[in-house]
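A short write-up of the structure that comes next.
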Amino acid sequence: AKGDTRRCGYLMMRGCRGDTTATRAWGFNYEEKKCQQETVICGTGGAPRNAFETKQDCDALCEGYSGPQYSMQEMLQHLKENAKKTG
């Protein structure tokens, strides 16, 4: 629905990271991803986060939101704040 004015964005994560607190806050289990070379974390500031393997998947998800796209810096900030909340 183009009527959704929320913002959406993505963040590339390379390799495998052991920060399970941060990844749990984003609503997925990083271990399941088997530490592939690149994971794209995608979503809005307030909705559950999604982990995809390609940026195209993320673009498809973000198409539903008409707000300006989050920068990677902003996405990183969301990640840190959510990790604190669930930590």
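Glycine is treated like the rest: Cβ placed from N, Cα and C.
Each of Cys58, Cys62 is a candidate, yet Swiss-Prot gives the disulfide link of Cys8 to Cys62. If you take the C-beta of Cys8 (disulfide bond) and look for same-chain residues 6 or more apart in sequence within under 8 angstroms, you find Cys42, Gly43, Thr44, Leu61, Cys62, Gly64, Tyr65, Gly67, Gln69, Tyr70.
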